[in-house]
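Written below as structure tokens is the structure these notes are about.
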Amino acid sequence: MRVPFVKMHGLGNDFVVLDGRAESLPPIGAATARALADRRTGIGCDQLILLEAADTADFRMRIFNADGGEVEACGNASRAVALLHGAAARVETAGGTITVAPSGSGARVDMGVPVFGWSDIPLAYAMDTAAMPVAWEGLASPMALRIGNPHVVFFVDDLDQVPLERLGPEIENDPLFPERINVMVGQVTGPAEIVLRVWERGAGLTRACGTGACATAVAAMRKGLVEGREATVFLPGGPLHIEWGEDGRIGMTGPAEESFRGSFDWGKFA
Ligand SMILES: N[C@@H](CCC[C@H](N)C(=O)O)C(=O)O
């Protein structure tokens, strides 16, 4: 059986998208997701995205990291999926229902409301999530929050000095984070500008993370590191515009692109 796929990306954070909305696909588990995501022997991507029919939204988006783990949210894939769908839509995810709307060569996504409670993120024990009393070498006093998925955000004076490829996996897998965590390191470079590097849970260093950009902008706003409630977050793959409305909801606007379409032999990956 051959299964069609669309290869897409948002700022270089890349996806294999399988569309099971009209005709359902065979069940996908961790091993299949890992095999498809493998850049040497599969199609290759940071996340595998599965679209399914839904009862209470226009459709459902399921997200698998390159390590095979199914997770709750993916900001960049939300924009890619908006482009693929071609119209505004309510999209059910494991992290909550989001609203996507194509805009120019990308999309705006209503990412919902951030969550700051330690047990909701979750952390292993109670602490102040706005200034956590923890450090990994020079990375200290981060903020933890949930944007559908869990993030820990550090701010530093010089991003180039941070060995994220070494500290990222250490922090991701620290017992303080029972569901592991996405690790964001930001440097504020202007009244509404942040430069961000990303270590993603289950995917490692990526060129961009949409939920991570939202988490970092909200953390900077909460800490008073930027002025107002809008910021541009510059990732290795390019910028995202983030607003945090007075109603508590986060808006994310940025590009997405289709790279190519193809099909694969299901039996090879099942
Ligand atoms: N690339 C994504 C986030 C994907 C999921 C994340 N690695 C997790 O494990 O929560 C984005 O653009 O938000």
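Placement of Cβ uses the backbone N, Cα and C atoms for every residue, glycine included.
Counted within 10 Å of its Cβ, the other Cβ atoms near Asn182 (substrate binding site) come to 28, all protein chains included. The feature substrate binding site is assigned by TrEMBL to Asn13, Gln47, Asn65, Gly75, Asn76, Asn149, Asn182, Glu200, Arg201, Gly210, Thr211.
In sequence order, Phe15, Gln47, Ile49, Met61, Ile63, Thr93, Asn149, Gly210, Thr211 are the residues near Cys74 (active site, proton donor), counting only same-chain partners six or more apart with C-beta under 8 A. Annotation source TrEMBL lists active site, proton donor at Cys74.
Annotation note: Cys74 (active site, proton donor) sits in a coil segment as assigned by DSSP. The feature active site is assigned by TrEMBL to Cys74.
According to DSSP, Cys209 (active site, proton acceptor) sits in a coil region rather than a helix or strand. The active site, proton acceptor annotation in TrEMBL covers Cys209.
Ranking the binding-site residues Asn13, Asn65, Asn76, Thr211 by how many other Cβ atoms lie within 10 angstroms of each Cβ puts Asn65 at the bottom.
Within 8 Å of the centroid defined by the CB atoms of Asn13, Gln47, Asn65, Gly75, Asn76, Asn149, Asn182, Glu200, Arg201, Gly210, Thr211, the record's substrate site, lie the Cβ atoms of Asp46, Ile63, Val71, Ala73, Cys74, Ala77, Ala203, Thr206, Cys209, Gly212, excluding the listed residues themselves.
Between the CA atoms of Asn76 (substrate binding site) and Cys209 (active site, proton acceptor) there is a gap of 6 Å.
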